[in-house]
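As given in TrEMBL:
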TRANSMEM  48-70  transmembrane segment
TRANSMEM  77-95  transmembrane segment
TRANSMEM  101-118  transmembrane segment
TRANSMEM  138-160  transmembrane segment
TRANSMEM  172-191  transmembrane segment
TRANSMEM  225-245  transmembrane segment
TRANSMEM  265-286  transmembrane segment
TRANSMEM  298-317  transmembrane segment
TRANSMEM  329-353  transmembrane segment
TRANSMEM  374-392  transmembrane segment
TRANSMEM  398-417  transmembrane segment
Amino acid sequence: MEARTWNIIQLGVGFMLLFAGFNTQNFVEQTVLNSVAEDTGRVDEHAGYYSLAIVYGCLTVGNLMAAPIIAVIGAKVAMIIGSLTYVLFLLSFLYVDSWSLYLVSAINGLGGALLWTGQGNYMTLNSDDFTAGRNSGIVWAIYQLCLVSGGTFLFIVFQFTDKHFDQSTIRILYSVFAVLGALGVLTFVFLRQPPKQESSSQKEQKHDHVKNILATFKLMFSKDMMILSVMFMYSGIELTFWSGIYSTSLAFTNKLAEVAGNNMLAYNAVAIGLGQIMGGTIFGVFGERTNKFGRYPIVLLGCVTHLLCFALIFVNIPTQAAIHKTDEISIISPSIPLALLCSALLGFGDSCWNTQIYSMLATFYKKQSSEGFAVMKFFNCLSACAAFFYGSKIELRYQLGILAIGALLAFVCFFGVERKNNVARVQSKFSTSSEVPIVKALY
């Protein structure tokens, strides 16, 4: 196996192990902290939403400084440091109080900026214009195995507990999550350096911190990046929805809890994971066949999938369930099969958007990979932070409306960039004096 392909696989495995803990706990964090609030009063009943809002808020700020730091310490060391902060966050749940929870949430957010920007940089260094789409799909498919394994673990644990999380159950859950996270850290420790060496210009700029920071801001305010920022922000809002708000809404829908109990959270995690893996496999493993159609059909598929999903959730889940436990129903009585179908659609649609975002950045911004991924995560985390804050304040139907409008705007902005560069692609065939790099990003 080619060295760069092996590096990509190992990168995916590292993220799968780390987020088998962190992403799985996202599905239960609000429910767990709601139980802690009822038992001890040490945290607010909506502390899960506030905690994740702090994580993504600090991620937003950290992304502005991540590129120059990675230019000095490298992608591998950045991912090791960043992943350690995720383990620290998980360990904090062995004894929960408000101050420690919010403090480690902030630390986790700053570390996450190093982790995700480092991942983008490392993937770019192991990719070229022809393998970027495939590699992003491979990493995404392996990474999302964490939801299937995490959901299976939750299902086993929930056979021995009721709807309420007591302190012993919380300690068992988060001890396992932390161990999985530590294995992810070890996987990053043993990552090999990419075989491709840095260019001389990159070496000259490596220690120029001011230049790196200015390059990040310059890229952020470039015309194409500002247009694409709408898509980045939508990906942050829908991430917030499937990773936290939707699972909480399922747990707070009493008619579902009466039938499935906490198992509903496990089923949801597995269903989302299967949808994610399906998308990552189709656009990664079989990328040579799907990539010839370009990114436009894949992003369109993701948009249509999500719009259908939002409509089904509106029909199935009571609007108050995002805020508190409720016996109400929506248009129909809540259905477990329909709820899980929506989970799978959320995962599949998310993979459509994110594999194409990662592939685009790995080609379009190859010479500025750290800055490109940092800007993407800035907009992504900014919107995610806002979504976690309003997630506990407004009804589900309004959140679904925001998501639907966001999906349409994201697709329109993407289509605008693609259409513009279709013209550039045709023109480039008749001219060799200049190169239009975004064409490679979209095709």
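Positions of Cβ are set from backbone N, Cα and C atoms, glycine also.
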If we call contact 3 or more Cβ pairs under 8 Å (sequence gap 6 or more), are the transmembrane segment (374-392) and the transmembrane segment (298-317) touching?
no
Counting only pairs at least 6 apart in sequence, do the transmembrane segment (101-118) and the transmembrane segment (77-95) share 3+ Cβ pairs under 8 Å?
yes
When you check the transmembrane segment (48-70) against the transmembrane segment (225-245), do you get at least 3 Cβ pairs under 8 Å, counting only pairs 6 or more apart in sequence?
yes
Restricting to CB pairs under 8 Å, which listed stretch, 138-160, 225-245, 265-286, 298-317, is in contact most with the transmembrane segment (172-191)?
138-160
Would you confirm whether the transmembrane segment (138-160) and the transmembrane segment (298-317) meet the contact rule of 3 or more C-beta pairs below 8 angstroms, pairs 6 or more apart in sequence?
no
